[in-house]
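Inspection log for the structure reproduced underneath, given as structure tokens.
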Amino acid sequence: MERLKKEILEWVKLILIAILISIIIDKFIISISIVDGESMELTLKDNDRLFINKICYLFNKPKRGDIIIFNPPIKGRNDELFVKRIIAVEGDRFCIHKNKIYINGEVLKENYIKDYKFVPRNYAYLEGVVPKGYVFVMGDNRNNSNDSRTFGYVPVKNIKGKVVTKIWPLNEIKTFSAKYPKDGNGIKD
């Protein structure tokens, strides 16, 4: 009887340790998130499941092309999570003009957007320089995205993680990386 109690106690300890480890992993290292909306189509669709790397920006700066999960800088909505693509990083000069994005004077090559003619009339021209500690983000479905064109720059401290893999639906599993030319800047030659 005593041996059975010890064995049960060991199993309970083991289960509690496993639960604690999974909570720590989910909270601080990697988690699963569900896409809610169509702002990242065709790259991500409503109800897709994603692995989010929560520690990558502790060691690296955000890069153009990264797909991120973040709290938007919108009053009353800053506890929500948005998913968007980084278009420009700190120090970049960007310009949106005639359905094209220019980064530091060069056209940004974007083979991932849903519709090339994406800029609604009120965003026909937009330019700026991304301040230190911020990024400029946009959804891939440009005509259906609430992004930096609306709410401005996103503080890097608001970034909760980088989307690394789409894990659901199973027939669409995909790993993401910033797929830009060798110079890493996404600029079309």
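For all residues, glycine too, the Cβ spot is worked out from N, Cα and C.
Copied over from TrEMBL, here are the features:
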type: ACT_SITE; residues: S39; note: active site
type: ACT_SITE; residues: K84; note: active site
type: DOMAIN; residues: 9-168; note: domain 'Peptidase S26'
type: TRANSMEM; residues: 12-35; note: transmembrane segment
> How many Å lie between the Cα of S39 (active site) and the Cα of K84 (active site)?
Replying inline: 8
>> Taking DSSP as the reference, which of helix, strand or coil describes K84 (active site)?
In response: strand
> Which value does the mean pLDDT take for the domain 'Peptidase S26' (9-168) in this predicted structure?
Replying inline: 88
